Amino acid sequence: MAAASDSSGSSVRKRRVDSSKTETKSADSSEEHGAESSEDTEKEKRFTSTQRGTYWLTRIVLLRAVAFIYFVAFSVAYNQNRQLIGENGLMPCKNYLNSVKRYVGGKIGMAAFAYTPSILWLLDWSDMDANLDGIALAGMALSAFVLVTGMANMVIMVTLWVLYHSLVSVGQLWYSFGWESQLLETGFLAIFLCPLWTLSQVPLRCPPSLICIWTFRWLIVRIMLGAGLIKIRGDKCWRDLTCMDYHYETQPVPNPMSYYMHRSPWWFHRFETLSNHLIELVFPFFTFLGRRMCMVNGAIQILFQVVLIVSGNLSFLNWLTIVPSLACFDDASLGFLFHSGGGAKKAVLEIQNDEAAGRKPKPTKGMFIRRVVNISLGILISYLSTPVMLNLLSSRQVMNTSFDPLRIVNTYGAFGSITKERTEVIFQGTLSQDPKDPDAVWKEYQFLCKPGDIYRRPCLISPYHYRLDWLMWFAAFQTYEQSEWVIHIAGRLLSNDSTVLSLLDHNPFQGRETPRWVRGEHFRYKFSQPGSSSAAQGKWWLRKRIGAYFPSRGSERTQRLLQVQELASPTHTKELNP
């Protein structure tokens, strides 16, 4: 019995020991499995999330953004260049090139290219319209390719830059806006994002240069500081926080949202103005305060530009200003824009994992040359930024100015002064033989977007740009002597010129005889009050005549007929027969 009992106890102890061993082994196995699972999870996480401080995906986003702006700009050029600077345009670029040629000594040489950098010097001038269309179409095709594929090389980006530079250089007044230089500077920087020949979203042997990324960041800093400082030094209303009381109504080309934002409470306008100062003068310095603060600045700048896009038609300016703000974000922050299953993001993850495992591509001669090029870019931008920074610090700051003929680094700024009243020049024509006849019926021409007909809703066209409509805004607070091209338009309207009429929305003499007289009338415009009786009648605008902007102009034949009538009148007969 005792033996049996001992045997039984021994058996129980053995089972307990075996059970303990099994549990220990199970626990060890579980720990090992947990460690392996944790390690696998870490590997999986590393494989599916992009790292901080790299800019492979940022480069793709930047290139596509630049290509989008190029596409819009070349589209505007294709649709309007013939009317503005073509053979029969308002300011033919052929005449301008001939003037430059005479100015530099009558030869097409380096002096001519330095004064007006344009490939048009090398083309046949017998059909300038075809040249202009060819440049615009080539630009549209190349930019569309980059936009759709997300791939580019230096050859493509240089070509885009040269093509647009060629148009801006001969565009004269029509291409005198600050965003033309801003696009050229942005496009120049985009050249250095790309490999020389390779067409790939993620070119393995051409990693994005941190120097190039910083040139974009430096651009957005200068843009915002220039805009902020010109306001503080300019119109008093920016300092007493009242500028936004006027801006929505008096900006060049309002949109439907401008109508409603103009009627915001006074405190909201004060908040807008103060926020504008903070965004343009304070937040840009966040760029230099580390990754997170740089991203904060980038996000705020993009949001600010979106608000401006929603509240007005400022061409592609605000869209373009978003581009350098994108450089504030690295691959980790932009990864959500890309699919994880394949394509660019997968390629970037593979590169990052190879680097983490110590498998880096061997340095090549081309990679060394590229590093030298990137350093040279940094030195060039630093050197060309010197006069720009001196201008920013100057109490006599000028905006939207280039200090080099290639417009590589420029000064920027917008709305340093705000007009407190909106005035418009309205073209009118009549079939009456005598423009002074009180019974003469004057009919109005309507532009594509600028205010005219008080019943027409403000247009929504951004990022597209009607160049003539913008210039008419400037002409309205100048005299016609300061804007001679306005009189040139009147002369074209007298002949129902199809070239100029294609820039307008409504020709009151369509399908009828040409007008005998054309005049410019000056009006003061105000938004109607939402909910008022005027708004209920469908009026977006209220207007009041100021006076004549330029006197009636008639064709030579009409003027001769009028002179004959005046000479035959009793008054003149009496004067001729004393």
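Each Cβ is built from the backbone N, Cα and C atoms, and glycine gets one as well.
Sequence annotations record features per position, and here TrEMBL assigns compositional bias 'Low complexity' to 1-11.
The feature compositional bias 'Basic and acidic residues' is assigned by TrEMBL to 17-46.
The annotation domain 'Lipase maturation factor 1/2 C-terminal' is assigned in TrEMBL to 408-551. In terms of DSSP secondary structure, the domain 'Lipase maturation factor 1/2 C-terminal' (408-551) contains 28 helix, 39 strand, 77 coil.
Residues or ranges marked as region 'Disordered' by TrEMBL: 1-46.
Annotation comment: TrEMBL describes 56-78 (among others) as transmembrane segment.
The transmembrane segment annotation in TrEMBL covers 104-123 (among others). Long-range neighbours of the transmembrane segment (104-123) within the same chain, counting only residues 6 or more positions beyond its ends whose Cβ lies under 8 Å from a Cβ of the stretch, are 93, 96-97, 131, 135, 162-163, 165-167, 169-170, 405-406.
Listed as Cβ neighbours of the transmembrane segment (135-163) (distance under 8 Å, sequence separation of 6 or more from its ends, same chain) are residues 60, 63-64, 66-68, 70-71, 73-75, 77-78, 81, 119-120, 184, 187-188, 190-201, 344. Residues or ranges marked as transmembrane segment in TrEMBL: 135-163 (among others).
The transmembrane segment feature in TrEMBL is assigned to 183-199 (among others).
The annotation transmembrane segment is assigned in TrEMBL to 211-230 (among others).
If you look up TrEMBL, you'll see 302-322 (among others) marked as transmembrane segment. Non-local neighbours of the transmembrane segment (302-322) in the same chain are 65, 68-69, 72-73, 177-179, 182-183, 186, 220, 223, 248, 251-255, 257-258, 261, 279, 414, 449, 459-465, 470; each lies 6+ residues outside the stretch with a CB under 8 Å from one of its CB atoms.
TrEMBL lists 372-393 (among others) with the feature transmembrane segment.
Using a Cβ-Cβ cut-off under 8 Å and counting only residues 6 or more beyond its ends in the same chain, the transmembrane segment (211-230) has close neighbours at 55, 58, 62, 182, 185-186, 189, 192-193, 276-277, 279-281, 283-285, 287, 294, 298, 301, 321, 323-328, 374-375, 377-378, 381, 385, 388, 392, 397, 399, 411-416. For the domain 'Lipase maturation factor 1/2 C-terminal' (408-551), the model's pLDDT averages out at 94.
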